[in-house]
Amino acid sequence: MPEGGEYYGKNGEPRKHDPSFRGPIQNRGCTDIVCCILFIIAILGYIAVGILAWSQGDPRKVIYPTDSRGQFCGQAGTPLEKKPFLFYFNIMKCASPMVLLEFQCPTTQMCVEKCPDKFMTLIKAYAVNSDFAYYKNFCEEGVTNTMGVAEILKQRLCPAMLLPSKPFTRRCFPALGMKGGVITVGNSSTFNDGNEIRNAQDLVAGVQNATVVMEARQVVMKIFEDFTHCWYWILLGLVIAMIISLVFLILLRFLAGIMVWVMIAMLVAVIGYGIFHCYMEYAALKGEAGANVTIKDLGFQTDFTVYLQIRQTWLAFIIILAIVEVIIILLLIFLWKRILIAIALIKEASRAIGHMLCSLFYPLFTFLLLAVVIAYWGVTAVFLSTSNQPIYKIFNETNCDYSRQTCDPANYSTSPMKAQCADSKCLFAFYGGETPYHKYLIALQFYNVFLFFWCANFVLGLGQMTLAGAFASYYWAAKKPDDIPAFPVFSSFGRSLRYHTGTLAFGSLILSIIQIIRVLLEYLDHKLKGAQNKFAKFLLCCLKCCFWCLEKFVKFLNRNAYIMSAIYGKNFCTSARDAFFLLMRNVIRVAVLDKVTDFILFLGKLLIVGLLGVFSFFFFSGRVKAFQNTAPTLNYYWVPILTMVVCSYLIAHAFFSVYSMCVDTLFLCFLEDLERNDGSPERPYMMSENLLKILKKKNKTDPAQ
């Protein structure tokens with residue numbers, strides 16, 4: 001068996017030596033033309049869907065709430081411009097199961113200037129002119145002082161009572177609570193009178209089922225408020241993360257070995273400090289009242305700082321961090337020698353990137369293209385979802401044969417349906433339609449999602465092939481950097497778009513089909529959550545697992561296929577086959593060296609995230625006195641911390657992805673070099689002297705020279 005675990009036979013034959021080969025082939029032709037044409041047609045269709053959606057859609061349906069007549073609350077240039085909030089006559093109806101089916105509360109809804117801020121019943125308000133004048137702000141037009149209470153309620157012109165409410169997403173929700181075992185409304189009002197309690201019992205019973213939802217909404221509002229107070233600090237933290245990532249990569253070019261070991265040591269130290277800090281918090285809570293309560297007994301709390309007051313939370317943190325620390329130490333012990341080889345690959349990648357620094361900023365271009373794809377998908381989805389027509393249905397209190405049937409509000413008062421069901425009303429229900437466009441709206445939404453996956457994967461693949469072509473030109477240069485072509489990243493980008501758009505479309509199409517199947521499986525899983533068929537659940541779980549593995553494999557195959565296509569200019573299937581067989585012939589090196597390198601780069605991401613996370617924790621939590629006057633006052637200090645941690649990881653991942661792509665490209669070129677050449681004067685190795693030294697190989701000189 002050849003060195004390194006290579007074996008031929010059914011895994012294909014290695015490439016023969018080509019004395020004229022000097023890196024990415026310049027004389028190449030277009031590949032996968034059929035798939036390229038299909039992709040262009042799909043893009044044109046995607047543009048047509050967007051134009052159709054923009055001509056039919058109305059995003060005001062998302063921005064503004066809609067009253068019972070289908071009018072938009074707060075829309076500029078309309079009579080409701082100064083009435084931005086939606087008020088429900090009887091919000092208890094919103095707790096009905098029918099709402100889940102029709103997405104509309106079967107109660108009168110009207111636009112108001114502000115939500116009610118006091119508790120008041122129609123009977124009591126009617127007796128006082130000033131109160132009734134205030135009450136009429138929440139009644140439909142036509143209510144006068146000469147009308148009796150019974151007549152007003154019979155015609156459903158006013159709600160039976162008002163509750164202090166707070167606006168959320170421009171909708172008035174009652175501010176109910178408990179104080180001393182008494183039902184409270186707003187901040188101070190209570191139901192003390194017996195009649196008031198009886199009148200309010202049904203309303204409270206209907207709202208109490210939505211308590212968890214209301215609490216969740218309050219949490220969302222507080223989180224949004226925190227973002228408004230600290231967004232500039234978050235942006236500053238992300239800029240710092242970008243600078244740290246860039247500095248880290250620059251230092252890695254000159255001090256790769258030292259930086260890797262320092263990075264590993266700092267990661268171990270950061271996790272060790274985390275264990276120490278958690279232990280100190282755990283010990284400090286010893287003997288404190290309520291500190292021994294378990295998380296299970298505490299249950300779900302909207303104020304997450306409560307969990308930090310119990311010992312079990314800090315004990316869980318200690319255990320998790322200790323397990324991570326032990327795993328990292330064991331990996332370092334058993335992969336010590338492989339890490340040395342991985343450091344050599346990183347050094348070589350550092351040199352390659354050093355000769356083409358513009359490659360570090362290519363992820364910004366990829367991010368810009370992805371932002372365009374995401375924006376187009378999001379805008380098209382909004383316009384498609386709001387391109388329906390208003391549908392009105394009959395809502396009634398008593399039995400009615402016409403209940404939930406469509407109606408026309410313009411002439412409903414004189415219609416036979418109103419005559420038969422006197423207490424019914426024709427209210428706005430939802431947006432829909434009966435035209436062919438509305439019938440195929442679901443298909444258009446599906447097409448929108450599928451093209452989103454296809455275009456996003458195409459953009460990512462374009463970035464991979466562009467960087468692969470640039471780094472391959474570095475590896476195969478006989479004299480570095482003299483033989484490296486000018487503007488290698490730009491040249492590789494041009495080759496990828498000009499010759500391999502079809503190859504990129506082919507690979508991204510396969511991946512998109514798998515991803516859309518995974519989305520459908522997740523949808524089915526959501527729909528079958530209440531199903532009792534255990535076999536169906538098991539089968540669905542197996543399918544989800546299989547397609548997850550398949551997606552990971554296709555991503556791996558696509559990545560290496562793009563590298564081979566960037567070098568040799570072959571179509572997708574040929575490139576994927578050659579890459580797969582090349583990796584299988586060197587399976588030991590693939591399983592160890594390449595993955596160890598990925599692991600080291602992953603540790604670099606964790607280090608950057610850890611440093612920024614620790615700094616943001618001490619800054620926003622106020623644990624350091626020097627920051628107490630500078631840090632903003634927040635409801636949840638973990639909001640900016642979590643945001644900065646997630647975003648800093650994405651930033652670090654963008655920069656490190658260039659390194660990862662460089663290492664993968666050099667690794668494939670390295671394997672090709674070992675198979676093509678033998679170090680003789682006729683077939684010299686193209687790898688650097690450093691790699692030759694690590695592999696204990698050398699290029700033999702010609703004795704005649």
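The backbone N, Cα and C atoms fix where each Cβ goes, and this holds for glycine too.
All annotation found in TrEMBL is predicted automatically rather than curated by experts.
Between the listed ranges 497-521, 572-596, TrEMBL ties the annotation transmembrane segment to 497-521.
Tallying C-beta pairs under 8 angstroms between the transmembrane segment (451-476) and each of 231-251, 258-276, 357-379, 634-656 places 357-379 first. Long-range contacts of the transmembrane segment (599-622) within the same chain: residues 230, 233, 237, 240-241, 244-245, 248, 252, 260, 263-264, 266-267, 270-271, 273, 331, 339, 342-343, 346, 628, 630-632, 634, 637, 640-641, 644-645, 648-649, 652-653, 656, 659-660, 663, each at least 6 residues beyond the stretch ends and with a Cβ under 8 Å from a Cβ of the stretch. Just going by CB pairs under 8 A, the stretch in 231-251, 314-336, 357-379, 497-521 that sits most against the transmembrane segment (33-54) is 497-521.
Taking every listed stretch (231-251, 258-276, 314-336, 497-521, 634-656) in turn, the largest tally of C-beta pairs under 8 A with the transmembrane segment (357-379) is reached by 634-656. Residues of the same chain lying 6 or more positions beyond the ends of the transmembrane segment (231-251) and with a Cβ under 8 Å from any Cβ of it are 259, 353, 360, 604, 608, 611-612, 615-616, 619-620, 631-632, 640, 643-644, 647-648, 651-652, 655-656, 659.
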